[in-house]
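Before any comments, here is the structure.
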Amino acid sequence: MTEFRSGFVCFVGRPNTGKSTLTNAMVGQKIAITSSRPQTTRHTIRGIVHRDHAQLILVDTPGLHRPRTLLGQRLNDLVRDTYSEVDVIALCIPADEKIGPGDRWIVQQVKQMAPKTTLLGVVTKIDKVSRDQVAQQLVAVSQLLGPEAEVVPVSAVKGDQVEVLIDVVASKMPEGPAFYPDGELTDEPEETLMAELIREAALEGVRDELPHSLAVVIEEVLPREENDEMLDVHAILYVERPSQKAIIIGKGGARLKEVGTAARKQIERILGTRIYLHLHVKVAKDWQRDPKQLRKLGF
Ligand SMILES: Nc1nc2c(ncn2[C@@H]2O[C@H](COP(=O)(O)OP(=O)(O)OP(=O)(O)O)[C@@H](O)[C@H]2O)c(=O)[nH]1
Ligand SMILES: [Mg+2]
């Protein structure tokens with residue numbers, strides 16, 4: 001009989017390398033938001049993978065980079081804190097990007113902070129390149145991590161090799177009982193999920209620095225008076241400047257309305273409850289650099 005294994009694996013990598021998309025693919029449900037802009041994830045998110053022989057707790061982290069703002073610094077600290085709490089650290093590197101100083105910096109950090117933790121390489125987005133290029137990247141990542149590290153290629157979007165990766169990670173976990181009850185897919189509070197889905201909808205189609213300037217806070221969730229199976233959700237979208245507020249709201253409020261519709265559908269699907277979404281946009285000047293405002297926004 002094979003023993004049941006359980007433990008924690010943390011996904012690290014540069015921003016935009018596919019960590020959250022992979023987390024969702026392994027969990028089998030969307031629990032982390034994703035986008036084509038770097039620095040989408042801003043807090044560690046736990047996803048749970050249940051199998052007959054194992055339970056894996058996936059810790060999706062913000063992308064690591066040289067910080068330019070206080071927010072960036074806080075995100076890096078957050079990732080470093082999780083190194084010491086996990087059984088496996090999986091470094092994500094896309095198949096279609098050259099390994100650079102950013103990746104080497106992360107490996108150095110990981111080896112320094114968690115010298116005893118099992119390190120695993122994951123080559124992500126393999127659907128974007130040829131088989132030859134995947135093979136080359138596997139070799140390159142293997143050289144980066146050293147001979148003792150296993151490297152697994154995967155496409156989260158196509159679902160290729162996701163189950164293989166789950167098996168490889170499970171094999172590196174210690175024997176032990178499950179941490180979470182069957183069927184539980186995340187420990188994210190519902191309010192956080194809601195705020196994140198609103199931020200994801202609002203990120204769609206905005207450019208330049210605006211994605212970084214956006215933060216969402218759920219102010220209040222109340223059952224509807226006339227129909228208590230429906231929830232009234234009040235959320236505030238914070239931006240850093242009045243010009244950004246105008247972009248988010250759009251002409252005659254058109255853009256904000258689209259954001260609301262998209263977010264509502266996602267939230268209803270995940271919570272299984274019908275909601276009425278009230279979105280308000282406010283300016284919190286330069287919140288990314290202001291310790292007091294960062295605290296207010298939960299960082
Ligand atoms: N073609 C392809 N695209 C992918 C795959 N995985 C992720 N992507 C895309 O890559 C972009 C970044 O994905 P995310 O999962 O948000 O990346 P991340 O590493 O979590 O980013 P941060 O949270 O900003 O650090 C998105 O546009 C995804 O759709 C994949 O397997 N194939
Ligand atoms: Mg992410």
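Cβ coordinates are placed from backbone N, Cα and C, and glycine is handled just like the others.
Predicted automatically and left uncurated, TrEMBL annotations should be read as such.
According to TrEMBL, the protein has these features:
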| type | residues | note |
| --- | --- | --- |
| DOMAIN | 5-175 | domain 'Era-type G' |
| REGION | 39-43 | region 'G2' |
| REGION | 60-63 | region 'G3' |
| REGION | 124-127 | region 'G4' |
| DOMAIN | 206-285 | domain 'KH type-2' |
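Helix, strand and coil counts from DSSP across the domain 'KH type-2' (206-285) read 33 helix, 29 strand, 18 coil. For the region 'G4' (124-127), the number of residues in each DSSP class (helix H, G, I; strand E, B; coil) is 2 helix, 1 strand, 1 coil.
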